[in-house]
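Below: one structure in structure tokens.
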Amino acid sequence: MSNERDSSERDSRESGDYRRALDFEVSVTHLQERSEHRAWHVASASVVIAILCAVVLAVMVPFYRVVPLPIEVDRLTGEAQVIDVLDAKQMHTRDIEDKHWVEVYVRSRERYDWGLLQMDYDRVLDMSDDRVARDYRAIYSGPDALDRQLGANTQRRIRILSTTLVPDEPGRAVVHIERTTWKNGIDNAEPPQRFVITLAFTYRPSVFTRERTAIENPFGFRVTAYSRDPEYTPAVSAPASSPTLSPAPGGAR
């Protein structure tokens, strides 16, 4: 009887060990399956993210552009400055129109060319307020009139360096110009002169006006204040001359 009892106990222990081993294998298999499912989920998510990134890049490519930074170096002072690049999305059409008429007025008023003098004179008067027009007439009146001083053989050429609309002050602009003087078609070798011009302007379209005035100034651009001041430019230092060597006494003959 004892042998049979021992045999049954041994069989029960073996069957228990077998069940535990079987449960362990089932657990390991389950963990492996869960790990594989997790790996597939991660891989699928990575593929989806990669596809989304590719789609986003494809959508953003048309909006990508390289913004150039042009740099201008002053010929006299060597000063370098970054020039603004015109951007239709950042600059309003009204600002462009304001700058256009400001530059037309400044160029017509500041240049002196005998062949264009009457045209510039009439244009400036048509685009000036009464007080500004009166001050401009005085420049060409009397014995010291500008046309009598310069005559027909002198030219004043104007180069507009920059035109800036004063922020938060509509109807005001600051213009930097460079003026060179020519006589008989030849540069007189004088250094260019620079000026800062500050002006105020408005628009007063006229219902009844001459056809020529309406064509040249269709929006009624009027300058109500005008001031010109010389701009300081440091003097250009001349290169140092090399010393002249005199022959030493008793030199070779």
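Using N, Cα and C of the backbone, Cβ positions are placed for all residues, glycine too.
Just so you know, TrEMBL annotations never went through curation; they're auto-generated.
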Write down the single range among 78-99, 122-143, 144-165, 232-253 that appears in TrEMBL as region 'Disordered'.
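Matching range for region 'Disordered': 232-253.
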If you average pLDDT over the domain 'Bacterial virulence protein VirB8' (21-231), what do you get?
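It averages 86.
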In terms of Cβ proximity under 8 Å, which residues at least six beyond the ends of the transmembrane segment (42-64) contact it?
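Same-chain residues near the transmembrane segment (42-64) but 6 or more away: none.
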